[in-house]
Amino acid sequence: MRGRNDGILGTKEEISRERKPNPSSSSTTTQKWLKRREMWLVILGVLLHAVYMLSIFDIYFKSPIVHGMDLVSPRFKSPPAKRLVLLIADGLRADKFFEPDSETGEYRAPFLRSVIKEKGRWGVSHARPPTESRPGHVAIIAGFYEDPSAVTKGWKANPVEFDSVFNRSRHTFAYGSPDIIPIFCSDIPHTTWNSYPHEFEDFATDASFLDEWSFDEFKSLLNRSNHDPKLKKLLQQDNLVVFLHLLGCDSNGHAHRPYSNIYLNNVKVVDNIAKRMYDLVEDYFKDNQTAYIFTADHGMSDKGSHGDGHPANTDTPLVAWGAGVQQPKRSSRGRYSDDGFRFVDEHVHHMPTPLDWGISGIDRVDVNQADIAPLMSTLLGLPCPANSVGNLPLGYINLNEREEIEAALANAKQVLNQFLRKSQMKQSSSLRFKPFKALENHSSMLEQIETLISGGNYEAAMKLSQNLRTLSLEGLHYFQTYDWLMLMSVITLGYIGWMICLVLHVLQSYTSFSGSINQMIQLTNNRSKVYICGFLVMAVIFVLLFVEHSPPLYHVYTAMTIFLWTQIFSEYQFLKLLWKDLSSSNFIFSMKLFATSAVSVIILEFLVNSFTDRKLYTYCFLIVGVLAAIYLFYAVPGRSAVPIFVLVSCWFLSTFTLMPAEIPDNTPLVIASGLIIIGVALAVRCFDLTTGGSKYWQCILNCEEKKPTSTLLFYLQVFLVGLSSVMVEVTTTHRTEKQELLILHQLINWSVAGVSLVLPLFSPTSLLSRLTSIFLGFAPPFLLLSIGYEAVFYGALALVLMAWILFECAILYLTKARTSSYIKDIRREQEERWLQLSDMRVPIIFMVLFNVAFFGTGNFASIASFEISSVYRFITIFSPFLMSGLLIFKLFIPFMLVICVFSAITKLIGVSRLGCYFLVILSSDVMTIHFFFLVRNTGSWMEIGNTISHFGIMSAQVVFVLMLFALTNIYTKDIHIGSRRSSSEKAL
């Protein structure tokens, strides 16, 4: 009966008789053709996903930076301040700055609190994720939120030229971190700057000395000016900016957490530097013409990280005082209802001030972080940075009514000029230009504002200016998403075309239809008409894009989409054969095909939702554990403990997605995890040695004679796991005592991790023996990079992977036992069989476990999940590339374990690993296209950032899964499955 063998398109025997030519005459040609085709398919997949991943930046996040606008200076008789001092305490969160010390009850920043009460204004500056140092400083100094595409162009240098307060100043003096100062000062000729060496950033020490270094450098500059007339003259000029970058809080927060005494003491150090800086500058210039701004680029979470949109990361202090800044005002606010205004981190406008801050009676003015740039520019009487989108916070500036409206109008004109420039650029290149209607009469709006100012109606002029600025921002957004519909259509068609190409390739190469490959090769010469039509369509669209001066990537998106659909239409002969076979299939097979597709899509949609709700995995493994155990209980007769093992392992793994994403430090748990890992390895080895006679597990057990070295190697790996647990305790204890990482400890840790990764290559080649060795080999580096419960997760994941192997082995035995035709597929011991509909479970289970590796111990999609303290057993000196490499390696270890088991299972059931890989990519692309439509460019930046990272992760899977396949193939290529022929014959 058709479909009895569950082949994707019926039984292999039937279709082979109909279409398969003599294999002996064309085997070599077929293999070469298939290998060449798959190589190009993989290359195309990598390129397509890399290019399409960039498409969201063209669709949702076009760069806000444009050039060629006229600058707008506020029309002041004289600027409020002659010079400005900017102090940025990197990583200082607002609550730790304002709240009293829990032990002494005294406030940590007495000087700045006196400023708030007696000299200036204060508030909370709301940062926009990603709450990292570079984007935060760009927002403060340049006034715009750096678009995500800047990440793809490099962090060390400016990916694009942008204007800043430093550019507008007459001269800027800057001192601080080598990761920040050069970004903003190295390309500006009118700057004097210096930074300390990277080696100073040692997380094993108290980093507050870095803040002292910055202050001492500026103090030294002033001292030199007493003997340098040229420098003295420069310092006496107006429009000067002094910038001190204070890194101590950030480094101490990463190393010791923001609730540690070292971090909290660093707050006092920063306050003391602000006081000494004020005294030093006032004593030097003696003219009361200096404005001071104190703030932070981002905060710090309780676990010592930053990056996401949590209030601990987005809320930073802002204190301003000096020339041009208003005096403190008593708060007239009572209990406020929500007025509708929200900051970039989704905080409402009138946030209540905590009572323990002790300043609730003083008027508070919150700002968005980008608002600080126009504030600084206005204090100096300079034009706002050309690309600034900040709103001038008038509550900070001491101006008369006429000057206030002039400053607000200059701010609005500066945003309007950006809009007009974007409109001009788009109109000059569009065949059918659609203007932004709300600002078509912007000239009359400006004239009306000028008329109101001339007539002294400042209140009405202010409202119109603010409305003009709001409309200009909306117009900027309009032109940033101008090509949205066209690009979305092209990319969507491209993804659909790619998935269809994958399906066709799998059907042609790995199913019963592979018998007609030689016919496909012969038909390639009959596709010229389709290719010519595709080329003509591509040429016409290229001409239209060229006339519109579209970016080069637009041409690439279109070319890839047209190419994919040309390939699909070129397979019209195969599509006809496919339709003929499907239309003649019986009802049972049609229902199987529909059910398999539906269940696969439902599971993939479940995985999409799991990206925002990790708890779904808990329910998943609770249910799967029960169902798998019931199946094995009835499928495997006799008293077998395997169903209980599968149930317990699934339920054990289900607990981890209930745990907090922020992993708390728990060194004893990491040490205990080493014992758990050793116990799991010993249990698997006992299973391997004592159940060799069981007919159900013959394919995965080492039934051959063990090599003499296998026992010694196993215990050597166990020893290394134990040694790594000991080094976790020794290294952590030593560092906790505020001592540097010893060279001896560092050498032992690196040696243990390195040697353990090599040892699995020398283990026996039976499935369980090799996988156990791989499990033990990855364990030492993972333990040394763990800080809490994620070490236990490693053992739990291994148990579930073992359960998967046993489950597949039982299915394999039962399939052989009841299918007499199976023996016909075994032409030689290691030959691969056709893919069947039921084999779709393998890539689907792989996708589930692969995503569990993502979210089992946190949120891989969130920047804040990268716990930098994980690397302190290997290195404490700040080295971003090495530290990032170690973190990524740690995160990839569970993936590598899953892929090793996946590769072993494809060998176990006798299917092509590359064929299953294509099914994995097909599954991931179903999720990718869903995430593509979920990307957001509105709402809180935490939501926006998560949608970007979700789409990016799925798009990158085709690349890094392929990379991990190649890497793990080193370990799994030698795996030998127990004699398939003999075990099948015994079963029959």
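Cβ from N, Cα, C; glycine included.
What TrEMBL says about this protein:
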type: REGION; residues: 1-30; note: region 'Disordered'
type: COMPBIAS; residues: 11-21; note: compositional bias 'Basic and acidic residues'
type: TRANSMEM; residues: 40-61; note: transmembrane segment
type: DOMAIN; residues: 474-940; note: domain 'GPI ethanolamine phosphate transferase 1 C-terminal'
type: TRANSMEM; residues: 484-507; note: transmembrane segment
type: TRANSMEM; residues: 528-547; note: transmembrane segment
type: TRANSMEM; residues: 587-604; note: transmembrane segment
type: TRANSMEM; residues: 641-661; note: transmembrane segment
type: TRANSMEM; residues: 667-687; note: transmembrane segment
type: TRANSMEM; residues: 712-730; note: transmembrane segment
type: TRANSMEM; residues: 793-814; note: transmembrane segment
type: TRANSMEM; residues: 842-861; note: transmembrane segment
type: TRANSMEM; residues: 881-902; note: transmembrane segment
type: TRANSMEM; residues: 914-935; note: transmembrane segment
type: TRANSMEM; residues: 947-971; note: transmembrane segment
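The highest tally of CB pairs under 8 A with the transmembrane segment (641-661), across 528-547, 712-730, 793-814, 947-971, is held by 793-814.
Away from its own ends, the transmembrane segment (947-971) comes close to residues 42, 45-46, 49-50, 52-53, 56, 61, 148, 611, 760-761, 770, 774, 777, 850, 854, 860-863, 892, 895-896, 899-900, 903, 913, 917, 920-921, 924-925, 927-928, 931-932, 934-936 of its chain (Cβ-Cβ under 8 Å, at least six residues beyond either end).
Counting Cβ pairs under 8 Å that are 6 or more residues apart, the transmembrane segment (484-507) and the transmembrane segment (40-61) reach 3 or more and are in contact.
Here the transmembrane segment (793-814) has long-range neighbours at 621, 628, 631-632, 635-636, 642, 645-646, 648-650, 652-653, 655-656, 673, 676-677, 680, 684, 695-697, 699-700, 767-768, 771, 775, 778-779, 782-783, 786, 842, 845, 849, 852-853, 856-857, 893-894, 897-898, 901, 904-905, 908-909, 983, 987, meaning same-chain residues at least 6 beyond its ends whose C-beta is under 8 angstroms from one of its own. Taken together, the residues of the domain 'GPI ethanolamine phosphate transferase 1 C-terminal' (474-940) have an average pLDDT of 81. Here the transmembrane segment (667-687) has long-range neighbours at 714, 717-718, 721-722, 724-726, 728-729, 732, 768, 772, 775-776, 779, 783, 786-789, 791-792, 794-795, 798-799, 802, meaning same-chain residues at least 6 beyond its ends whose C-beta is under 8 angstroms from one of its own.
Long-range contacts of the transmembrane segment (40-61) within the same chain: residues 147-149, 152, 480-481, 483-484, 487-488, 491, 494-495, 498, 501-502, 505, 551, 553-554, 556-557, 560, 564, 918, 921, 928, 932, 935-937, 948, 951-952, 955-956, 958-959, 962, each at least 6 residues beyond the stretch ends and with a Cβ under 8 Å from a Cβ of the stretch.
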